[in-house]
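Below you'll find the structure, written out as structure tokens, and then a few comments.
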Amino acid sequence: MASAAKSFTSLLLISSLSLAPWFCATEAKSTAPVVQDLSWTFYQSSCPKVESIIRKQLEKVFKKEIGHAAGLLRLHFHDCFVQGCDGSVLLDGSASGPREQDAPPNLTLRAKAFEIIDDLRERIHKECGRVVSCSDILAIAARDSVYLSGGPDYDVPLGRRDGLNFATQNATLQNLPPPFANADTILSSLATKSFDPTDVVALSGGHTIGISHCSSFTDRLYPAQDPTMDKTFANNLKCICPASDTNSTTVLDIRSPDNFDNKYYVDLMNRQGLFTSDQDLYTNKKTRGIVTSFATNQSFFFEKFEVAMIKMSQLSVLTGNQGEIRASCSVRNSG
């Protein structure tokens, strides 16, 4: 009898979730707090075409290779979580030390993603002069990567300035949870940046697009298979990665690898999450219900993803007279 009541309660939960309203961009704008000196209309006078320039160019880029959308989204994540959204991950190294890109978590960032940002920098500079920061370009490009691959469209507060220094390797390692981290570790790490469990699970949904190298998950296959992994899924991965040091890649979301949707959460419910950091979101009691909610209601996931992304895009931003507006995204301005 208790079991039947529990099932009925679950059914009611799923039914009510399906009635959640679509969360449009204007709602996200009105509910997301904006850091002082950032604005929804920052470039309205100085570079009114900046967002259309980026979107039109990315439409062309993704038409040739949609995989670049995941590369740009990941680049934005890796920039913001380390030292804030200041474009520091774009900087080349110098005599003072190796660049952020050389830290282990960043070694698999796509080279093409950096090239795309540099190209957008040139196009915008040609149209408006040096008024738009590289960190703002990256934030807009990440949003368009989500939208152009099937995800929600939302407004991004703008006005970031570019950082003058790249982060150390230790800072990079400390602020980017590895793929073998469990849910408790990730929740604790992101709580220091004011993200709650819903934010964490929503941001993890970025793994609905993109690929991964075998080295990021073969610890779940060898020497012993992770018992939380679906057996058929594991066997297929062993074909792609026959040894722990295989250099092959596979998709993060086996159901719709090029579409930004909620299938990543369906994967988790079927024990087909690629990383420990993915699958443990469903295993862990603190986040399991959130995963289920997102898996059963895509618009609810989109709603929470928008809010979490806007929050993430404002982490420790530089504004006003802080930092600079780089002429080249990979190099500090001379002087």
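A Cβ is built for glycine as well, from the same backbone N, Cα and C atoms used for every other residue.
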Original post:
Which of C24, C47, C214 is the other half of the disulfide bond that TrEMBL records for C128?
Top reply: C47
Original post:
By CA distance, which of the binding-site residues (D79, V82, P177, H207, T208) lies nearest to C134 (disulfide bond)?
Top reply: D79
Subject >> Cβ-based isolation winner (fewest other Cβ atoms within 10 Å) among the binding-site residues D79, D86, E100, D253, D261 >> reply: D261
**OP:** Provide, as an integer number of angstrom, the distance between the C-alpha atoms of C329 (disulfide bond) and S88 (Ca(2+) 1 binding site).
**Re:** 9
Original post:
From the Cα of H207 (heme b binding site) across to the Cα of D261 (Ca(2+) 2 binding site), what is the distance in angstrom?
Top reply: 10
Original post:
If you count the C-beta atoms lying within 10 Å of each candidate's C-beta, which of the recorded positions C80, V82, C128 ends up with the smallest number?
Top reply: C128
Subject >> Candidates C47, D86, P177, namely the recorded positions, that fall within 10 Å of C80 (disulfide bond) by Cα distance >> reply: D86
